[in-house]
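Undergrad: Structure incoming, see below.
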Amino acid sequence: PPYFLLVGIPDLEKEQFWIAFPFSIMYAIAVLGNITLLLIIKAEPSLHEPMYLFLAMLASTDLVLSTSTLPKMLGIFWLGSREIGFSSCLAQMFFIHTFTSVESGVLTAMALDRYIAVCHPLRHSSILSAPVVAAVGSLVLVRGVLLVSPVCFILHRMPFCQHRTIAHSYCEHMAVVSLVCGDTRVSYIYGLLAAFALSGSDLTLISVSYTMILRVVRRRLPSEAQHKAFNTCASHACVSLAFYVPVVFMFLTQRFGQSIPPHIHIIVANLYLLVPPMLNPIVYGIRTRKIWDTVV
């Protein structure tokens with residue numbers, strides 16, 4: 001089809017004009033906060049360490065994630081600009097799902113960085129050198145591109161019905177798949193397997209990392225060092241929860257939660273692309289002493 005029509009938030013078409021205001025404020029905070037975080041890390045040589053380099057990757061990912069959706073979303077809510085070209089829709093889908101994968105990978109890398117810093121502090125700088133950090137970032141990006149590209153290629157070759165209305169605020173994979181007039185099993189199964197492989201592996205690695213950290217902190221470190229380790233890990237735990245809880249909710253409700261009203265699912269899907277990008281610079285900026293000291 002030449003284009004699709006994005007509904008916005010189903011059943012809340014009249015209210016979404018006002019819903020757009022808190023969304024726009026959250027987007028402004030996310031953009032300002034993440035750009036500030038990137039500038040601080042770039043300008044301060046003492047922050048050129050693995051933890052802060054991964055944080056810079058997270059900030060860049062958050063900027064791409066939020067910007068790939070919110071400008072078009074505000075156009076729908078405020079201007080009624082619902083039309084999106086087929087190629088633009090696939091491009092938006094590619095960026096959303098690729099950088100969701102990248103964010104998950106960066107959060108996993110940050111958890112492994114904390115594990116090495118706490119459990120093997122003397123080897124931290126040798127294990128996570130600058131080339132290794134760059135390689136991990138590149139690997140996470142390539143993984144996202146390789147996982148998501150087949151989804152877009154499969155959809156590009158499928159026949160679509162004349163019904164072109166997407167009951168969503170952006171081109172989400174399953175929302176677009178629902179418009180296909182043909183066998184969607186390949187697209188559905190591949191999306192399911194990719195989501196399970198990605199979330200399952202990353203959540204497992206994060207869980208194992210924090211389990212090992214807790215064991216080492218409780219057994220080996222004095223009370224002051226324990227407090228410092230817990231404080232550092234708490235920031236990452238908050239950020240990870242803000243990212244993964246909505247992801248798991250959306251994944252389950254999309255496939256198994258038919259009784260949940262569509263507008264609840266859409267609002268959570270929108271917040272999932274706005275809340276983590278907004279919270280990440282706030283959480284790390286306030287709770288990370290070196291960043292806070294640099295700002296002050």
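Just so you know, glycine gets a Cβ as well, placed from its N, Cα and C.
For 33-284, the entry in TrEMBL reads domain 'G-protein coupled receptors family 1 profile'. According to TrEMBL, the transmembrane segment annotation covers 20-40, 52-70, 90-112, 132-156, 188-217, 229-252, 264-286.
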Undergrad: Do at least three C-beta pairs under 8 angstroms join the transmembrane segment (188-217) to the transmembrane segment (90-112), pairs 6 or more apart in sequence?
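TA: With 3 or more qualifying Cβ pairs, these stretches touch.
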Undergrad: Determine which residues of the chain contact the transmembrane segment (229-252) at the Cβ level, with the cut-off under 8 Å and only residues 6 or more beyond its ends counted.
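TA: Beyond its ends, the transmembrane segment (229-252) has Cβ neighbours at 58, 100, 103-104, 107, 110-111, 114, 117-118, 195, 199, 203, 206, 210, 213, 217, 221, 265, 268-269, 271-272, 275-276, 279-280, 283-284, 287-288.
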Undergrad: Below 8 angstroms Cβ to Cβ, which residues of this chain, lying six or more residues outside the transmembrane segment (52-70), approach it?
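TA: Same-chain contacts beyond the ends: 23-24, 27, 30-31, 34-35, 37-38, 41-42, 92, 95-96, 99-100, 102-103, 106-107, 109-110, 113, 130, 133, 136-137, 140, 169-170, 239, 270, 273-274, 276-277, 280-281, 284, 290-291.
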Undergrad: With Cβ-Cβ distances below 8 Å as the criterion, list the same-chain residues six or more beyond the ends of the transmembrane segment (20-40) that contact it, or say none.
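TA: The answer is 47, 55-56, 59-60, 62-63, 66-67, 70, 73-74, 77-78, 270, 274-275, 277-278, 280-282, 284-285, 291, 294-295.
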Undergrad: When you scan the chain for residues with a C-beta under 8 Å from the transmembrane segment (132-156), skipping those not six or more beyond its ends, what do you find?
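TA: Beyond its ends, the transmembrane segment (132-156) has Cβ neighbours at 50, 53-54, 57, 90, 93-94, 97-102, 105-106, 109, 173, 176-177, 180, 186-187, 190-191, 194, 197-198.
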